[in-house]
Amino acid sequence: MGFLVSKGNLLLLLCASIFPAFGHVETRAHAEERLLKKLFSGYNKWSRPVANISDVVLVRFGLSIAQLIDVDEKNQMMTTNVWVKQEWHDYKLRWDPQEYENVTSIRIPSELIWRPDIVLYNNADGDFAVTHLTKAHLFYDGRIKWMPPAIYKSSCSIDVTFFPFDQQNCKMKFGSWTYDKAKIDLVSMHSHVDQLDYWESGEWVIINAVGNYNSKKYECCTEIYPDITYSFIIRRLPLFYTINLIIPCLLISCLTVLVFYLPSECGEKITLCISVLLSLTVFLLLITEIIPSTSLVIPLIGEYLLFTMIFVTLSIIITVFVLNVHHRSPRTHTMPDWVRRVFLDIVPRLLFMKRPSTVKDNCKKLIESMHKLTNSPRLWSETDMEPNFTTSSSPSPQSNEPSPTSSFCAHLEEPAKPMCKSPSGQYSMLHPEPPQVTCSSPKPSCHPLSDTQTTSISKGRSLSVQQMYSPNKTEEGSIRCRSRSIQYCYLQEDSSQTNGHSSASPASQRCHLNEEQPQHKPHQCKCKCRKGEAAGTPTQGSKSHSNKGEHLVLMSPALKLAVEGVHYIADHLRAEDADFSVKEDWKYVAMVIDRIFLWMFIIVCLLGTVGLFLPPWLAGMI
């Protein structure tokens, strides 16, 4: 029984301790309920919260940015996530905290109270006003704080002059849509936009964001309407565009410059130009999706791309002209004197170009050696002389002069006399071609050359005279003349001092055959002589002096054709050398033009690059 009494006392004590707490909570809730009933009984949310109709409702306005979502250059629109801060006083919503259990503030639905109709004037898309109506914080003195979040798409005039190094000034204009300045006036909470909770953007950085109070009279109305305009100065982060836009443009420009450094002989200049032009065209198709499509101003990068396009097009035109100059020849074009003077003399010195002359000198040396070889007295080897000739010299008893009937083969016994011999056994004496006559000798004999003549042999031009002789031991009653010639190359000296008298003149020489044959076989053979008189006419010493400059020539027609062929080859090489020289001059002119435009395009490319970066740098955007 005592246990039950003690247990009942404990329950009474517990209830006594709990009931005051519940009574306090119930009293607090009852106080707010009573407060709400008191505040909103007969409250009209459509009327301005002023005691006198002439009073002005002061609305303190502020803005806090949470995120810069996007800046659309094409649509010229800025999307932001902001908190709209608003404060005003409502005299109808006041109370004494002592009457309501010291309740100093309550949260009330914003739909139940009067709100200023503040909207975004420069709204581009979506709702002008706040759509998410959060609860307002009401204080006992009638002060109301309302901070609803909002995502605004405000129109922004995008200036893409220095794109991608641009800096934009986007504005957000807030004001009452229906109440003029006499009804509602705005007061800025802070001079700057609150960025304490700002989430940094990956493309834009906010340089500054300030708010300015303005009053404006619109054409539609006679009243003055106040507004607070926030200016967001934002700058683009150019790293993405530098890597994906500017550097490729610079590389394309460099490729265009390299076109003029490429030799014309490789044949890839036009291919490189067309490849650069096609790559730039494809690149421009991608750029149009990035660059703002506005006609108000041309972006700087657009100007640079247009400059590069013109750059590449001009390089193609110039390359075609350079290739045309490079492949010119004497058969198609004649090089004017001013071109030779300007592009072969003046401009290369200004460009510090030095033309190599090794190939041209080698060609000249080759042709000179060919001419020297054809005129050389030792063109043929001495060992190739025919051994079938025999000599018999019989000087005339009437005179010291060589007899016209002396054997021509006598001088063949002297191996030191001939200076040039052909492999075919042909001899020639080099001199200008005077008229030739043919004479006959009743006795086959050869007149030997005098010592003065043989020692004065030197270089000369080779001509052909045919020598006839009879073979050894032919059949009886028949004499056969065969064409056999051995080349002697010599020049007649102006004077001969051998034995104190003049040598025999070439005009007095007679060409005869001397062969071993039977005495009873007379024969007669015709030969060619140089300005000879009739056969058997003796030559005079004075005649010899009068014909000093003439030379005796003995050459066969075949040898003459061979020598003429060599001269033809030499002349052909000389003509080819002249053509080659003119072609090389045209090629050098093309190279000089290439070098001129190489330096010009390098300078223009550097100036264009500087023009791309200098204006933004001067404007303080880089």
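Here the Cβ of each residue, glycine as well, is placed from N, Cα and C on the backbone.
When secondary structure is read from DSSP and collapsed to three states, Val71 (Ca(2+) binding site) falls in the strand class. The Ca(2+) binding site annotation in Swiss-Prot covers Val71, Glu73.
Look at Swiss-Prot and you will find 390-407 tagged as compositional bias 'Low complexity'.
Marked as compositional bias 'Polar residues' by Swiss-Prot: 450-472 (among others).
Residues or ranges marked as compositional bias 'Polar residues' by Swiss-Prot: 497-508 (among others).
Annotated S-palmitoyl cysteine per Swiss-Prot: Cys266, in sequence order, evidence recorded as similarity to another entry. Counting every protein chain shown, 9 other Cβ atoms lie within 10 Å of the Cβ of Cys266 (S-palmitoyl cysteine).
Per Swiss-Prot, region 'Disordered' is recorded for 380-477 (among others).
Per Swiss-Prot, region 'Disordered' is recorded for 497-516 (among others).
Taken from Swiss-Prot, the feature signal peptide applies to 1-23.
Under the heading topological domain 'Extracellular', Swiss-Prot lists 24-237.
Per Swiss-Prot, the feature topological domain 'Cytoplasmic' maps to 326-595.
The transmembrane segment annotation in Swiss-Prot covers 238-262 (among others).
Feature annotation from Swiss-Prot assigns transmembrane segment to 270-288 (among others).
Counting residues 6+ beyond its ends, the transmembrane segment (304-325) has Cβ neighbours under 8 Å at 249, 252-253, 256, 259-260, 264, 269-270, 273-274, 276-277, 280, 283-284, 287, 298, 586, 589-590, 593-594, 597, 601, 604-605, 608, 611-612 in the same chain. Feature annotation from Swiss-Prot assigns transmembrane segment to 304-325 (among others).
Annotation comment: Swiss-Prot describes 596-614 (among others) as transmembrane segment.
The separation of Cys266 (S-palmitoyl cysteine) from Val71 (Ca(2+) binding site), Cα to Cα, is 50 Å.
A simple way to gauge crowding: the CB of Val71 (Ca(2+) binding site) has 22 other CB atoms within 10 angstroms, across all the protein chains here. Reported as a whole number, the C-alpha separation between Glu73 (Ca(2+) binding site) and Cys266 (S-palmitoyl cysteine) equals 46 Å. For the topological domain 'Extracellular' (24-237), the model's pLDDT averages out at 90.
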